[in-house]
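Here is the structure we will look at.
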Amino acid sequence: MRRINRLFQIVWVICRYRLDEFAPLTLLPLPLRLLFLLAPWRLFPKPQIPRGERLRRALEELGPIFVKFGQILSTRKDLLPEDLADELKRLQDKVPPFASDMAVRIIEESLKSPVSELFADFQTYPMASASIAQVHAATLKNGKEVVVKVIRPGIEKTIRLDIALMLLVARLVENYWEDGKRLHPVEVVKDYEHTIIDELDLQREAANTSQLKRNFAGSELIYIPEVYWEMTHSRVLVMERIYGVPIADVEQLRKANVNMKLLAERGVEIFFTQVFRDSFFHADMHPGNIFVDVSNPANPRYIAIDCGIVGTLTPEDQSYLARNLLAFFRRDYRQVAVLHISSGWVPGHTRVNEFEAAIRTVCEPIFERPLKDISFGQFLMRLFQTARRFDMEVQPQLVLLQKTLLNIEGLGRQLYPDLDLWSTAQPFLENWMKQRIAPPGLLKAIKQHAPDWIEQTPELPQILYEAFDQLRHLDRYNQANQDSLASLSRAFEKDKQQRRDFWLAGLVLASAAAMAIGDQPLRLTELPWPSVMLAVAGLYLLMRPK
(Lines of atoms letter the chains of each structure in order from A and count residues from 1; the text may use other names and numbers.)
(Lines give C-alpha, C1' and ligand atoms only; values in the text may rest on other atoms or scores of the structure.)
Protein backbone atom coordinates (compact mmCIF):
# COMPACT_ATOMS: atom_id res chain seq x y z
CA MET A 1 0.00 0.00 0.00
CA ARG A 2 2.87 2.39 0.80
CA ARG A 3 4.30 1.80 -2.69
CA ILE A 4 0.96 2.74 -4.25
CA ASN A 5 0.79 5.89 -2.10
CA ARG A 6 4.33 6.84 -3.13
CA LEU A 7 3.49 6.22 -6.79
CA PHE A 8 0.46 8.50 -6.50
CA GLN A 9 2.66 11.12 -4.81
CA ILE A 10 5.12 11.02 -7.73
CA VAL A 11 2.30 11.29 -10.28
CA TRP A 12 0.79 14.19 -8.29
CA VAL A 13 4.08 16.12 -8.34
CA ILE A 14 4.46 15.48 -12.09
CA CYS A 15 0.91 16.77 -12.62
CA ARG A 16 1.27 19.82 -10.37
CA TYR A 17 4.49 20.99 -12.03
CA ARG A 18 3.49 19.79 -15.51
CA LEU A 19 6.71 17.83 -16.03
CA ASP A 20 5.10 16.19 -19.07
CA GLU A 21 6.59 19.15 -20.95
CA PHE A 22 10.02 17.50 -20.61
CA ALA A 23 8.97 14.12 -22.07
CA PRO A 24 10.44 13.47 -25.57
CA LEU A 25 7.09 12.46 -27.13
CA THR A 26 8.51 12.08 -30.63
CA LEU A 27 10.88 9.35 -29.38
CA LEU A 28 8.15 7.33 -27.63
CA PRO A 29 6.23 4.45 -29.26
CA LEU A 30 2.69 5.37 -30.40
CA PRO A 31 0.87 3.64 -27.48
CA LEU A 32 3.01 5.50 -24.90
CA ARG A 33 2.57 8.74 -26.82
CA LEU A 34 -1.22 8.35 -26.69
CA LEU A 35 -1.00 7.49 -22.97
CA PHE A 36 0.99 10.67 -22.35
CA LEU A 37 -1.49 12.78 -24.28
CA LEU A 38 -4.46 11.35 -22.33
CA ALA A 39 -2.73 11.38 -18.92
CA PRO A 40 -4.31 13.36 -16.04
CA TRP A 41 -1.55 15.98 -15.82
CA ARG A 42 -2.93 17.65 -18.95
CA LEU A 43 -5.98 18.66 -16.89
CA PHE A 44 -3.76 20.82 -14.65
CA PRO A 45 -2.99 24.42 -15.71
CA LYS A 46 0.69 25.10 -16.31
CA PRO A 47 2.16 27.06 -13.34
CA GLN A 48 3.21 30.62 -14.13
CA ILE A 49 6.84 30.05 -13.15
CA PRO A 50 9.85 29.28 -15.38
CA ARG A 51 10.24 25.66 -16.46
CA GLY A 52 13.65 25.34 -14.79
CA GLU A 53 12.22 26.36 -11.42
CA ARG A 54 9.30 23.94 -11.90
CA LEU A 55 11.72 21.08 -12.56
CA ARG A 56 13.91 21.97 -9.56
CA ARG A 57 10.97 22.27 -7.17
CA ALA A 58 9.56 18.96 -8.37
CA LEU A 59 12.87 17.14 -7.84
CA GLU A 60 13.18 18.65 -4.35
CA GLU A 61 9.69 17.47 -3.43
CA LEU A 62 10.28 13.99 -4.82
CA GLY A 63 13.29 13.38 -2.58
CA PRO A 64 16.99 12.46 -2.54
CA ILE A 65 17.10 9.98 -5.40
CA PHE A 66 15.55 12.51 -7.77
CA VAL A 67 17.71 15.33 -6.36
CA LYS A 68 20.88 13.33 -7.05
CA PHE A 69 19.72 12.76 -10.62
CA GLY A 70 19.25 16.52 -10.97
CA GLN A 71 22.70 17.17 -9.49
CA ILE A 72 24.30 15.03 -12.19
CA LEU A 73 22.33 16.86 -14.89
CA SER A 74 23.31 20.27 -13.49
CA THR A 75 26.88 19.87 -14.79
CA ARG A 76 25.71 18.91 -18.30
CA LYS A 77 25.16 22.19 -20.14
CA ASP A 78 26.00 20.26 -23.31
CA LEU A 79 22.97 18.02 -22.73
CA LEU A 80 20.50 20.49 -21.15
CA PRO A 81 19.35 23.99 -22.12
CA GLU A 82 21.23 26.62 -20.13
CA ASP A 83 18.17 27.77 -18.15
CA LEU A 84 17.56 24.22 -16.85
CA ALA A 85 21.22 23.53 -16.01
CA ASP A 86 21.56 26.85 -14.14
CA GLU A 87 18.42 26.23 -12.09
CA LEU A 88 19.43 22.65 -11.24
CA LYS A 89 22.69 23.97 -9.76
CA ARG A 90 20.59 25.20 -6.84
CA LEU A 91 19.88 21.57 -5.94
CA GLN A 92 23.45 21.21 -4.75
CA ASP A 93 23.03 23.08 -1.48
CA LYS A 94 19.65 24.84 -1.51
CA VAL A 95 17.29 22.00 -0.57
CA PRO A 96 14.78 23.27 2.06
CA PRO A 97 16.02 22.47 5.61
CA PHE A 98 14.16 20.54 8.28
CA ALA A 99 13.40 22.05 11.70
CA SER A 100 16.46 23.06 13.74
CA ASP A 101 14.99 21.79 17.03
CA MET A 102 14.69 18.36 15.42
CA ALA A 103 18.36 18.52 14.38
CA VAL A 104 19.36 19.43 17.96
CA ARG A 105 17.33 16.52 19.32
CA ILE A 106 19.00 14.05 16.92
CA ILE A 107 22.47 15.34 17.92
CA GLU A 108 21.76 15.05 21.64
CA GLU A 109 20.18 11.58 21.34
CA SER A 110 23.08 10.31 19.22
CA LEU A 111 25.98 11.80 21.21
CA LYS A 112 24.32 11.38 24.63
CA SER A 113 25.05 14.97 25.69
CA PRO A 114 23.37 18.38 25.46
CA VAL A 115 24.53 20.56 22.59
CA SER A 116 25.68 23.19 25.11
CA GLU A 117 28.15 20.68 26.60
CA LEU A 118 29.39 19.44 23.23
CA PHE A 119 30.08 22.83 21.64
CA ALA A 120 31.14 26.29 22.75
CA ASP A 121 28.85 27.63 20.04
CA PHE A 122 26.22 25.95 17.83
CA GLN A 123 24.39 27.72 14.99
CA THR A 124 20.80 26.47 15.04
CA TYR A 125 20.05 27.68 11.51
CA PRO A 126 21.75 25.33 9.00
CA MET A 127 24.52 26.70 6.80
CA ALA A 128 23.63 24.16 4.07
CA SER A 129 20.83 21.71 3.47
CA ALA A 130 21.05 18.77 1.09
CA SER A 131 18.77 15.94 0.07
CA ILE A 132 19.92 13.47 2.74
CA ALA A 133 21.31 15.69 5.52
CA GLN A 134 21.82 19.26 6.61
CA VAL A 135 24.88 20.98 8.06
CA HIS A 136 25.22 23.33 11.04
CA ALA A 137 28.25 25.45 11.92
CA ALA A 138 29.69 25.02 15.41
CA THR A 139 32.78 25.70 17.53
CA LEU A 140 34.39 23.10 19.80
CA LYS A 141 35.34 23.87 23.38
CA ASN A 142 38.99 24.10 22.28
CA GLY A 143 38.10 26.85 19.80
CA LYS A 144 38.28 24.79 16.59
CA GLU A 145 35.61 25.54 14.00
CA VAL A 146 33.65 22.51 12.84
CA VAL A 147 30.55 21.55 10.90
CA VAL A 148 27.89 19.17 12.23
CA LYS A 149 26.12 17.02 9.66
CA VAL A 150 22.73 15.57 10.67
CA ILE A 151 20.72 12.96 8.73
CA ARG A 152 17.19 13.99 7.75
CA PRO A 153 14.61 12.21 9.91
CA GLY A 154 12.50 9.62 8.06
CA ILE A 155 14.58 9.85 4.89
CA GLU A 156 15.44 6.13 4.81
CA LYS A 157 11.78 5.15 4.50
CA THR A 158 11.32 7.45 1.50
CA ILE A 159 14.48 6.16 -0.16
CA ARG A 160 13.48 2.51 0.28
CA LEU A 161 10.05 3.21 -1.25
CA ASP A 162 11.67 4.92 -4.24
CA ILE A 163 14.13 2.05 -4.66
CA ALA A 164 11.23 -0.45 -4.57
CA LEU A 165 9.50 1.49 -7.36
CA MET A 166 12.75 1.68 -9.34
CA LEU A 167 13.15 -2.10 -8.99
CA LEU A 168 9.60 -2.59 -10.26
CA VAL A 169 10.30 -0.44 -13.31
CA ALA A 170 13.68 -2.17 -13.82
CA ARG A 171 12.04 -5.61 -13.82
CA LEU A 172 9.46 -4.44 -16.35
CA VAL A 173 12.24 -3.04 -18.54
CA GLU A 174 14.28 -6.25 -18.24
CA ASN A 175 11.33 -8.52 -19.06
CA TYR A 176 9.46 -6.55 -21.71
CA TRP A 177 12.02 -4.41 -23.55
CA GLU A 178 14.18 -6.03 -26.19
CA ASP A 179 17.37 -4.38 -24.85
CA GLY A 180 16.41 -4.88 -21.20
CA LYS A 181 18.57 -7.89 -20.37
CA ARG A 182 21.64 -6.35 -22.01
CA LEU A 183 21.34 -3.26 -19.81
CA HIS A 184 21.03 -5.23 -16.51
CA PRO A 185 18.63 -2.62 -15.02
CA VAL A 186 17.76 -4.72 -11.95
CA GLU A 187 21.42 -5.23 -11.07
CA VAL A 188 22.15 -1.53 -11.61
CA VAL A 189 19.29 -0.50 -9.31
CA LYS A 190 20.39 -2.99 -6.62
CA ASP A 191 23.94 -1.64 -6.76
CA TYR A 192 22.58 1.88 -6.43
CA GLU A 193 20.43 0.75 -3.49
CA HIS A 194 23.54 -0.45 -1.61
CA THR A 195 25.31 2.81 -2.44
CA ILE A 196 22.60 5.21 -1.28
CA ILE A 197 21.69 3.18 1.84
CA ASP A 198 25.38 3.23 2.80
CA GLU A 199 25.29 7.02 2.41
CA LEU A 200 22.73 7.20 5.23
CA ASP A 201 25.34 5.85 7.67
CA LEU A 202 27.51 8.82 8.66
CA GLN A 203 30.02 6.56 10.41
CA ARG A 204 30.67 4.97 7.02
CA GLU A 205 31.08 8.43 5.52
CA ALA A 206 33.55 9.29 8.30
CA ALA A 207 35.55 6.15 7.49
CA ASN A 208 35.56 7.01 3.77
CA THR A 209 36.70 10.55 4.57
CA SER A 210 39.56 9.29 6.74
CA GLN A 211 40.67 6.87 4.01
CA LEU A 212 40.70 9.58 1.35
CA LYS A 213 42.58 11.91 3.71
CA ARG A 214 45.28 9.23 4.20
CA ASN A 215 45.46 8.58 0.45
CA PHE A 216 46.16 12.28 -0.25
CA ALA A 217 48.14 13.15 2.88
CA GLY A 218 50.56 15.98 2.02
CA SER A 219 49.21 16.27 -1.53
CA GLU A 220 49.08 19.64 -3.28
CA LEU A 221 46.22 18.37 -5.46
CA ILE A 222 43.40 18.02 -2.94
CA TYR A 223 42.64 18.51 0.76
CA ILE A 224 40.23 16.37 2.78
CA PRO A 225 38.95 17.76 6.12
CA GLU A 226 39.60 16.02 9.43
CA VAL A 227 36.94 13.86 11.12
CA TYR A 228 36.31 14.08 14.88
CA TRP A 229 35.62 10.44 15.65
CA GLU A 230 34.71 10.96 19.30
CA MET A 231 31.72 13.04 18.13
CA THR A 232 30.59 10.84 15.25
CA HIS A 233 27.53 8.59 15.11
CA SER A 234 25.53 6.88 12.36
CA ARG A 235 23.22 9.93 12.29
CA VAL A 236 25.71 12.70 13.22
CA LEU A 237 29.12 13.60 11.79
CA VAL A 238 31.41 16.32 13.17
CA MET A 239 34.33 17.40 11.01
CA GLU A 240 36.72 20.27 10.40
CA ARG A 241 35.20 23.36 8.81
CA ILE A 242 36.82 24.31 5.51
CA TYR A 243 36.90 27.62 3.64
CA GLY A 244 37.10 27.84 -0.12
CA VAL A 245 35.41 29.06 -3.28
CA PRO A 246 32.69 26.72 -4.62
CA ILE A 247 33.92 25.06 -7.81
CA ALA A 248 30.75 26.18 -9.60
CA ASP A 249 31.54 29.86 -8.93
CA VAL A 250 33.76 30.25 -11.99
CA GLU A 251 33.46 34.04 -11.93
CA GLN A 252 34.81 34.24 -8.36
CA LEU A 253 37.67 31.87 -9.24
CA ARG A 254 38.65 34.10 -12.15
CA LYS A 255 38.48 37.20 -9.96
CA ALA A 256 40.92 35.47 -7.60
CA ASN A 257 43.29 34.98 -10.60
CA VAL A 258 43.19 31.19 -10.22
CA ASN A 259 45.13 29.26 -12.87
CA MET A 260 42.04 27.69 -14.47
CA LYS A 261 43.98 25.47 -16.88
CA LEU A 262 46.01 23.96 -14.04
CA LEU A 263 42.87 23.59 -11.92
CA ALA A 264 41.06 21.66 -14.68
CA GLU A 265 44.10 19.44 -15.35
CA ARG A 266 44.43 18.67 -11.64
CA GLY A 267 40.79 17.59 -11.57
CA VAL A 268 41.57 14.97 -14.23
CA GLU A 269 44.72 13.90 -12.37
CA ILE A 270 42.81 13.51 -9.08
CA PHE A 271 40.23 11.31 -10.77
CA PHE A 272 42.77 8.97 -12.36
CA THR A 273 44.89 8.89 -9.19
CA GLN A 274 41.91 7.74 -7.14
CA VAL A 275 40.82 5.13 -9.68
CA PHE A 276 44.15 3.59 -10.66
CA ARG A 277 46.58 4.28 -7.84
CA ASP A 278 44.19 3.82 -4.92
CA SER A 279 41.21 1.97 -6.44
CA PHE A 280 39.13 4.07 -4.04
CA PHE A 281 37.39 7.12 -5.46
CA HIS A 282 35.00 9.86 -4.35
CA ALA A 283 31.88 9.02 -6.38
CA ASP A 284 29.72 12.07 -5.61
CA MET A 285 31.84 14.87 -7.05
CA HIS A 286 29.07 17.22 -8.10
CA PRO A 287 29.83 20.97 -7.72
CA GLY A 288 28.14 21.24 -4.32
CA ASN A 289 30.78 18.93 -2.83
CA ILE A 290 33.90 20.54 -4.33
CA PHE A 291 35.63 23.77 -3.27
CA VAL A 292 38.92 25.43 -4.23
CA ASP A 293 41.60 26.76 -1.89
CA VAL A 294 42.59 30.06 -3.58
CA SER A 295 45.16 31.18 -1.01
CA ASN A 296 47.80 30.50 -3.70
CA PRO A 297 46.00 31.20 -7.02
CA ALA A 298 48.93 30.01 -9.13
CA ASN A 299 48.86 26.67 -7.33
CA PRO A 300 45.15 26.05 -6.57
CA ARG A 301 44.11 23.05 -4.51
CA TYR A 302 40.79 21.22 -4.45
CA ILE A 303 38.85 20.62 -1.22
CA ALA A 304 36.42 17.69 -1.21
CA ILE A 305 33.59 17.10 1.25
CA ASP A 306 30.65 14.67 1.52
CA CYS A 307 32.44 11.36 1.01
CA GLY A 308 29.35 9.25 1.65
CA ILE A 309 29.49 7.62 -1.78
CA VAL A 310 32.78 6.03 -2.80
CA GLY A 311 33.61 3.46 -5.44
CA THR A 312 36.18 0.70 -5.76
CA LEU A 313 37.35 -1.55 -8.60
CA THR A 314 38.55 -5.13 -8.60
CA PRO A 315 42.13 -5.62 -9.89
CA GLU A 316 40.65 -7.30 -12.99
CA ASP A 317 38.32 -4.40 -13.81
CA GLN A 318 41.07 -1.90 -13.01
CA SER A 319 43.47 -3.62 -15.44
CA TYR A 320 40.91 -3.99 -18.23
CA LEU A 321 39.80 -0.38 -17.83
CA ALA A 322 43.37 0.98 -17.91
CA ARG A 323 44.28 -1.06 -20.99
CA ASN A 324 41.07 -0.02 -22.73
CA LEU A 325 41.63 3.67 -22.00
CA LEU A 326 45.27 3.56 -23.10
CA ALA A 327 44.34 1.84 -26.35
CA PHE A 328 41.60 4.43 -26.79
CA PHE A 329 43.97 7.37 -26.18
CA ARG A 330 46.44 5.86 -28.69
CA ARG A 331 43.59 5.38 -31.19
CA ASP A 332 44.31 1.66 -31.28
CA TYR A 333 40.69 0.77 -31.94
CA ARG A 334 41.46 -2.86 -32.76
CA GLN A 335 42.96 -3.32 -29.29
CA VAL A 336 39.87 -1.67 -27.77
CA ALA A 337 37.66 -4.14 -29.68
CA VAL A 338 39.77 -7.16 -28.68
CA LEU A 339 39.79 -6.12 -25.01
CA HIS A 340 36.02 -5.67 -24.96
CA ILE A 341 35.52 -9.14 -26.41
CA SER A 342 38.11 -10.86 -24.19
CA SER A 343 36.64 -9.26 -21.06
CA GLY A 344 33.16 -10.49 -21.96
CA TRP A 345 31.75 -6.96 -22.28
CA VAL A 346 30.52 -7.91 -25.77
CA PRO A 347 29.63 -11.43 -27.00
CA GLY A 348 32.52 -13.69 -28.01
CA HIS A 349 31.10 -14.26 -31.51
CA THR A 350 31.43 -10.54 -32.36
CA ARG A 351 33.44 -9.85 -35.52
CA VAL A 352 36.48 -7.86 -34.44
CA ASN A 353 36.80 -5.94 -37.72
CA GLU A 354 33.18 -4.73 -37.62
CA PHE A 355 33.41 -3.76 -33.96
CA GLU A 356 36.71 -1.95 -34.55
CA ALA A 357 35.18 0.06 -37.41
CA ALA A 358 32.16 1.01 -35.28
CA ILE A 359 34.38 2.21 -32.41
CA ARG A 360 36.51 4.25 -34.81
CA THR A 361 33.38 5.92 -36.22
CA VAL A 362 32.23 6.94 -32.73
CA CYS A 363 35.56 7.99 -31.20
CA GLU A 364 37.61 9.55 -33.99
CA PRO A 365 35.59 12.82 -34.17
CA ILE A 366 36.31 13.73 -30.53
CA PHE A 367 40.12 13.52 -30.60
CA GLU A 368 42.45 16.54 -30.65
CA ARG A 369 39.51 18.81 -29.85
CA PRO A 370 38.91 20.83 -26.68
CA LEU A 371 35.88 20.05 -24.52
CA LYS A 372 34.02 23.14 -25.77
CA ASP A 373 34.02 21.73 -29.33
CA ILE A 374 32.78 18.25 -28.38
CA SER A 375 29.06 17.56 -28.40
CA PHE A 376 28.93 15.06 -25.58
CA GLY A 377 25.24 14.47 -26.24
CA GLN A 378 25.92 13.32 -29.81
CA PHE A 379 28.87 11.24 -28.61
CA LEU A 380 26.67 9.44 -26.06
CA MET A 381 23.93 8.81 -28.62
CA ARG A 382 26.43 7.23 -31.03
CA LEU A 383 27.95 5.22 -28.20
CA PHE A 384 24.54 3.86 -27.16
CA GLN A 385 23.71 2.96 -30.77
CA THR A 386 26.99 1.04 -31.09
CA ALA A 387 26.41 -0.73 -27.76
CA ARG A 388 22.96 -1.80 -28.90
CA ARG A 389 24.15 -2.98 -32.30
CA PHE A 390 26.83 -5.23 -30.82
CA ASP A 391 24.85 -6.40 -27.75
CA MET A 392 27.34 -4.71 -25.42
CA GLU A 393 26.25 -5.41 -21.85
CA VAL A 394 26.17 -2.74 -19.16
CA GLN A 395 28.76 -3.43 -16.44
CA PRO A 396 26.92 -2.60 -13.18
CA GLN A 397 30.18 -2.48 -11.22
CA LEU A 398 31.35 0.40 -13.46
CA VAL A 399 28.16 2.50 -13.37
CA LEU A 400 29.38 4.50 -10.35
CA LEU A 401 32.69 5.15 -12.10
CA GLN A 402 30.93 6.30 -15.28
CA LYS A 403 28.73 8.68 -13.23
CA THR A 404 31.87 10.13 -11.59
CA LEU A 405 33.59 10.54 -14.95
CA LEU A 406 30.54 12.45 -16.23
CA ASN A 407 30.80 14.78 -13.22
CA ILE A 408 34.54 15.35 -13.76
CA GLU A 409 34.09 15.99 -17.48
CA GLY A 410 31.27 18.43 -16.74
CA LEU A 411 33.43 20.31 -14.21
CA GLY A 412 36.33 20.47 -16.66
CA ARG A 413 34.01 21.88 -19.32
CA GLN A 414 32.93 24.69 -16.94
CA LEU A 415 36.39 25.52 -15.59
CA TYR A 416 38.48 25.45 -18.76
CA PRO A 417 36.55 24.71 -21.97
CA ASP A 418 39.80 24.49 -23.98
CA LEU A 419 40.97 21.49 -21.93
CA ASP A 420 42.11 18.52 -24.03
CA LEU A 421 40.88 15.72 -21.79
CA TRP A 422 42.64 12.94 -23.70
CA SER A 423 46.14 14.43 -23.86
CA THR A 424 45.85 15.35 -20.16
CA ALA A 425 44.92 11.83 -19.08
CA GLN A 426 47.18 9.78 -21.38
CA PRO A 427 50.57 10.52 -19.71
CA PHE A 428 49.18 9.63 -16.29
CA LEU A 429 47.83 6.27 -17.49
CA GLU A 430 51.02 5.43 -19.39
CA ASN A 431 53.09 6.18 -16.30
CA TRP A 432 50.79 4.03 -14.14
CA MET A 433 51.08 1.08 -16.54
CA LYS A 434 54.87 1.43 -16.67
CA GLN A 435 55.06 1.41 -12.88
CA ARG A 436 52.99 -1.78 -12.75
CA ILE A 437 55.15 -3.77 -15.18
CA ALA A 438 58.53 -2.25 -14.24
CA PRO A 439 60.76 -4.24 -11.83
CA PRO A 440 59.97 -1.99 -8.82
CA GLY A 441 56.25 -2.43 -9.46
CA LEU A 442 56.53 -6.20 -9.82
CA LEU A 443 58.70 -6.38 -6.69
CA LYS A 444 56.13 -4.34 -4.77
CA ALA A 445 53.35 -6.71 -5.89
CA ILE A 446 55.42 -9.72 -4.81
CA LYS A 447 56.08 -8.11 -1.41
CA GLN A 448 52.36 -7.47 -0.96
CA HIS A 449 51.41 -11.07 -1.71
CA ALA A 450 54.42 -12.82 -0.16
CA PRO A 451 53.02 -12.98 3.42
CA ASP A 452 49.85 -14.67 2.13
CA TRP A 453 51.87 -17.15 0.06
CA ILE A 454 54.14 -17.99 3.01
CA GLU A 455 51.17 -18.36 5.34
CA GLN A 456 49.48 -20.80 2.96
CA THR A 457 52.62 -22.87 2.23
CA PRO A 458 52.05 -25.41 5.10
CA GLU A 459 48.51 -25.92 3.81
CA LEU A 460 49.66 -26.58 0.23
CA PRO A 461 49.53 -30.43 0.47
CA GLN A 462 45.98 -30.28 1.86
CA ILE A 463 44.97 -27.78 -0.83
CA LEU A 464 46.38 -30.08 -3.55
CA TYR A 465 44.63 -33.11 -2.03
CA GLU A 466 41.29 -31.26 -1.92
CA ALA A 467 41.79 -30.07 -5.50
CA PHE A 468 42.40 -33.64 -6.77
CA ASP A 469 39.48 -34.89 -4.68
CA GLN A 470 37.23 -32.26 -6.24
CA LEU A 471 38.45 -33.33 -9.68
CA ARG A 472 37.46 -36.93 -8.90
CA HIS A 473 34.05 -35.76 -7.73
CA LEU A 474 33.80 -33.62 -10.84
CA ASP A 475 34.52 -36.66 -13.03
CA ARG A 476 31.79 -38.64 -11.27
CA TYR A 477 29.46 -35.65 -11.53
CA ASN A 478 30.19 -35.33 -15.24
CA GLN A 479 29.62 -39.07 -15.72
CA ALA A 480 26.31 -38.82 -13.87
CA ASN A 481 25.38 -35.84 -16.02
CA GLN A 482 26.28 -37.77 -19.17
CA ASP A 483 24.15 -40.71 -17.98
CA SER A 484 21.27 -38.35 -17.25
CA LEU A 485 21.63 -36.70 -20.64
CA ALA A 486 21.74 -40.11 -22.33
CA SER A 487 18.62 -41.15 -20.44
CA LEU A 488 16.85 -37.92 -21.42
CA SER A 489 17.95 -38.41 -25.01
CA ARG A 490 16.56 -41.97 -25.04
CA ALA A 491 13.29 -40.77 -23.51
CA PHE A 492 13.08 -38.01 -26.11
CA GLU A 493 13.71 -40.45 -28.95
CA LYS A 494 11.12 -42.85 -27.49
CA ASP A 495 8.58 -40.05 -27.31
CA LYS A 496 9.32 -39.08 -30.91
CA GLN A 497 8.92 -42.71 -32.00
CA GLN A 498 5.58 -42.99 -30.20
CA ARG A 499 4.31 -39.85 -31.86
CA ARG A 500 5.37 -41.17 -35.27
CA ASP A 501 3.67 -44.53 -34.54
CA PHE A 502 0.43 -42.84 -33.48
CA TRP A 503 0.34 -40.68 -36.59
CA LEU A 504 1.19 -43.62 -38.86
CA ALA A 505 -1.31 -45.93 -37.12
CA GLY A 506 -4.02 -43.31 -37.48
CA LEU A 507 -3.22 -42.90 -41.16
CA VAL A 508 -3.21 -46.68 -41.75
CA LEU A 509 -6.49 -47.26 -39.87
CA ALA A 510 -8.12 -44.38 -41.72
CA SER A 511 -6.99 -45.91 -45.02
CA ALA A 512 -8.33 -49.32 -43.97
CA ALA A 513 -11.67 -47.79 -43.01
CA ALA A 514 -11.85 -45.89 -46.30
CA MET A 515 -11.22 -49.08 -48.27
CA ALA A 516 -13.81 -51.01 -46.23
CA ILE A 517 -16.59 -48.46 -46.69
CA GLY A 518 -18.64 -48.98 -49.84
CA ASP A 519 -22.14 -48.55 -51.06
CA GLN A 520 -23.29 -51.73 -49.34
CA PRO A 521 -22.74 -52.56 -45.65
CA LEU A 522 -20.29 -55.47 -45.36
CA ARG A 523 -20.08 -58.35 -42.93
CA LEU A 524 -16.73 -58.95 -41.25
CA THR A 525 -16.02 -61.94 -43.51
CA GLU A 526 -16.66 -59.83 -46.60
CA LEU A 527 -14.08 -57.13 -45.82
CA PRO A 528 -11.47 -56.66 -48.59
CA TRP A 529 -8.22 -58.34 -47.65
CA PRO A 530 -6.08 -55.18 -48.20
CA SER A 531 -8.31 -53.36 -45.71
CA VAL A 532 -7.89 -56.17 -43.18
CA MET A 533 -4.11 -56.13 -43.63
CA LEU A 534 -3.96 -52.36 -43.12
CA ALA A 535 -6.15 -52.60 -40.01
CA VAL A 536 -3.90 -55.29 -38.55
CA ALA A 537 -0.80 -53.18 -39.31
CA GLY A 538 -2.41 -50.14 -37.70
CA LEU A 539 -3.35 -52.06 -34.57
CA TYR A 540 0.19 -53.46 -34.37
CA LEU A 541 1.67 -49.96 -34.53
CA LEU A 542 -0.61 -48.88 -31.69
CA MET A 543 -0.07 -51.89 -29.47
CA ARG A 544 3.56 -52.89 -30.09
CA PRO A 545 5.88 -52.70 -27.08
CA LYS A 546 7.60 -49.34 -26.74
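Just so it is clear, glycine is given a Cβ too, placed from its N, Cα and C backbone atoms.
Under the heading transmembrane segment, Swiss-Prot lists 21-41 (among others).
Sequence annotations record features per position, and here Swiss-Prot assigns domain 'Protein kinase' to 121-501.
In sequence order, E60, G63, P64, V67, K68, L91, V95, R152 make up the list of same-chain residues 6 or more apart from S131 (ATP binding site) whose Cβ falls under 8 Å from its Cβ. According to its DSSP assignment, S131 (ATP binding site) is coil. According to Swiss-Prot, the ATP binding site annotation covers M127, A128, S129, A130, S131, I132, A133, Q134, V135, K149.
In this structure, D284 (active site, proton acceptor) belongs to neither helix nor strand by DSSP; it is coil. What Swiss-Prot records for D284 is active site, proton acceptor, and it gives sequence analysis as the kind of evidence.
Annotated transmembrane segment per Swiss-Prot: 502-522 (among others), in sequence order.
Per Swiss-Prot, the feature transmembrane segment maps to 523-543 (among others); the stated evidence is sequence analysis.
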Quick one: pull the CA-CA distance for V135 (ATP binding site) versus D284 (active site, proton acceptor), whole Å only. 17
Among M127, A133, V135, the binding-site residues in question, whose Cβ has the most other Cβ atoms within 10 Å in this structure? A133
In this predicted model, the domain 'Protein kinase' (121-501) has a mean pLDDT of 80
Between M127 (ATP binding site) and D284 (active site, proton acceptor), how many Å separate their Cα atoms? 20
Among all the protein chains here, how many other CB atoms are within 10 A of the CB of S129 (ATP binding site)? 17
What's the CA to CA span in angstrom from A133 (ATP binding site) over to D284 (active site, proton acceptor)? 14
